[in-house]
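What Swiss-Prot annotates here:
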- LYS39: N6-(pyridoxal phosphate)lysine (MOD_RES)
- LYS39: active site, proton acceptor (ACT_SITE)
- ARG137, MET314: substrate binding site (BINDING)
- TYR266: active site, proton acceptor (ACT_SITE)
Amino acid sequence: MVSFDRPVWAEIDLSAFRHNMRQIKSLLQPGTIFCPIIKADGYGHGAVPLAHEAVAMGAGYLGVAILDEAAALRAAGITLPILILGYTPPQAAAFVVSNHITQTIFSKEQADALSAAASNLGITVKVHVKVDTGMTRIGVRPEEAAAFCSYVAGLENVHLEGMFTHFASSDSADHAYCLEQFGRFTAAIAAVEASGIRLGIRHCANSAAILSLPEGHLDMVRAGIILYGLKPSDECPMPIDLRPVMRLKARLAMVKQVPPGVGVSYGSIYHTQKESSLATIPIGYADGYTRMLSRKAQVLLRGQRAPVVGRICMDQCMVDVSHVPQAAVGDEVLLFGGPDLPADEIAAHLGTINYEVVCMVGKRVPRVYVE
């Protein structure tokens, strides 16, 4: 199959990624395991290239959400321990075991399936028990943790390596609920260890907690959004310097002069008010530049902002460049990324978070890795 370079790309700055990793590690005590979270294709940045960078930078674990993500890393030659943070059906246990993947568990059915598969293969499988301290998602209740861990520890060919929880509001200025969750988790740890079980890796700190709850770092931290240079929230303190890793870019496909009163794009919801210069950008909602940004977003062209006019199409959108007379076909356009047009601005237009903005960038947008 012949593939041609699109005049649309997501520029991924590897030096920024490494810088962010160094900055985050500066907050940790010696011996704390650093676990980059590269689920959802590395938050849209490309899991495999960034996994290789993370390994080279001294990561001790990698975190993903689903089995397919772990499998892709193994297929790419990543040998570092990988923790699947989410649910994996018991029928996939043999694949988990044979690929030396660490699985999150919270039910006897999962644990039994992993034990059976590991016994059949003559391999010991590592597991981490998830404790639901207040996210109300997957996980055993804190008061169930000791009994469940005792059950798991008694299974053949299963190594109970760790236990963890996830904070629901560590990115909030009010840490009351986060501290309540942390208290429940530490109580669960104490109950488990009082039963004679030694938990090698206890972890609960996500990006926001890494920044604002040092007592929650424990044995391992899970760095997600901050690894990509984005803030967990506006309320979250930022004691380190982060650099955005992704910039979404394109090149102008056409520039045309349009008289007053002309409708633009589907539905003609926008009409030119005067003689205008309009440019077409070959990116649309199929690429993750969502239709919901129509008449809201701006792009950066030749150092100036240009508003999106009319509805964003599946593959193209239009901007008014009347105030940029030098605009020409082939000019580079920044759709988001960096300090001048941050992903947070796009998120604000959409009523969402920066996580979703970078994750929305579609598969047909090439990722171009730069230093």
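Heads up, the Cβ atoms here are built off N, Cα and C, so glycines get one too.
Not measured: the values here are computed from a predicted model.
Everything Swiss-Prot records as a feature, shown here on the structure.
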{"residue": "LYS39", "record": "N6-(pyridoxal phosphate)lysine", "Cβ neighbours (10 Å)": "19"}
{"residue": "ARG137", "record": "substrate binding site", "Cβ neighbours (10 Å)": "12"}
{"residue": "TYR266", "record": "active site, proton acceptor", "Cβ neighbours (10 Å)": "13"}
{"residue": "MET314", "record": "substrate binding site", "Cβ neighbours (10 Å)": "11"}
Quiz item: How many Å lie between the Cα of MET314 (substrate binding site) and the Cα of TYR266 (active site, proton acceptor)?
Solution: 11
Self-check item: Rounded distance in angstrom between the Cα atoms of ARG137 (substrate binding site) and LYS39 (N6-(pyridoxal phosphate)lysine)
Solution: 17
Quiz item: How long is the line from the C-alpha of TYR266 (active site, proton acceptor) to the C-alpha of LYS39 (N6-(pyridoxal phosphate)lysine), rounded to the nearest angstrom?
Solution: 35
Self-check item: Where MET314 (substrate binding site) sits in the secondary structure, as DSSP reduces it to three classes
Solution: coil
